[in-house]
Amino acid sequence: LQAMSGNEQDWLALRPQEPSPSQCCGSGCKPCIYDVYEKELAQWERAKAMQDKSLLMGKKEQSNSSELNPDTFTAFSVSSVEQLTEDTYQYKFELPGNSSLRLSLGQHIVLRGVVNGLEVQRAYTPISPGNAEGYFDVLIKCYEAGLMSQYIKTWKRGDVVFWRGPFGGFPYRPNKHGELLMLASGTGLAPMIPILQSITDDEEDETFVTLVGCFPTFDKIYLKPLLQDLARYWNVRIFYVLSQETSLEKLPWSYQENTYTGRLNEDLTKTIINSCRRKPFVLICGSSTFNEDMSRYLKAAGIEENSCFVF
């Protein structure tokens, strides 16, 4: 066999690496990391065929422009870390000058981490308003065995972290729906918050909102002060469903009348839908099991598929 020529080896070294499954966050981003790879591979093949390396110069993995970008990762620095519950944190990231991420409602961004030499990517939804200037906030739950969690737990103020995006989102328009019913489990609360705040911040928006937050216990409800503030608006109701609490007696009285113990099941879902002031449009966000259960309960309650949106 003839040895590979130096030129061949040079080209092979420039060939883009195929992503490993751990690098795909599975959230249906456009472009997905695999789309980016296909594009770079086609660019590499074209350059190799023409033996012209300058055609590869457009390839950039990371950008320094500090502008969020769906195709490349951008560095942002951590400006504060706040522990909300035993395993959930709120991270604040700095935006240069008074710039804003300019996210539309409920959009998510993708984080890249490297753990033990393995690159991992996960999607998270900022909870700060999309037009917040100079910063953005992300709510993250850390799992004992999670690869990304091991990386996130090491973050401290001043660390630099890479994000790309934005992706997805819910095309919300003020007053388009009579009532929004938000079914959120755990950190599934994240995409609901910016939508809810955009409604309460807009005096012209008269949409009713019913938010149902599912958590294991009272202590594990995130962002209580913020939710309590939002619940004071005339058009907002917030219910809590606590799967591991057995009685409401230990809860502060202000929570007792809008909290249920046990799981959000088909009957409770029907009760809540029937208490809505108008026929609701439903937003769902949680684990895949939660999302499937909710879709099933809604169907049983007569809510059509085109009246639901799953994050």
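Glycine residues also receive a Cβ, built from the backbone N, Cα and C atoms like all the rest.
No curator has checked TrEMBL annotations; they are predicted automatically.
Database features (TrEMBL):
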- 71-173: domain 'FAD-binding FR-type' (DOMAIN)
- ARG122, TYR124, LEU139, LYS141, MET148, SER149: FAD binding site (BINDING)
### Query
Applying the rule Cβ within 8 Å of the centroid of the Cβ atoms of ARG122, TYR124, LEU139, LYS141, MET148, SER149, what extra residues of the same chain belong around the FAD site?
LEU111, VAL138, ILE140, CYS142, GLY146, ILE152, THR187
### Number of Cβ atoms other than its own within 10 Å, given for TYR124 (FAD binding site)
23
### Query
Counting across all protein chains shown, how many other Cβ atoms sit within 10 Å of the Cβ of MET148 (FAD binding site)?
20
### Query
Among the binding-site residues ARG122, LYS141, which residue has its Cβ surrounded by the fewest other Cβ atoms within 10 Å?
LYS141
### Nonlocal neighbours by CB distance (under 8 Å) for LEU139 (FAD binding site), same chain, sequence gap 6 or more
LEU84, THR88, TYR89, GLN90, TYR124, THR125, ILE127, THR187, LEU189, ALA190, TYR222, LEU223
#### Entry: FAD site span - longest C-alpha distance across ARG122, TYR124, LEU139, LYS141, MET148, SER149, in Å
14
### Summary
CB neighbours within 10 A of SER149 (FAD binding site), counting all protein chains shown, number 18
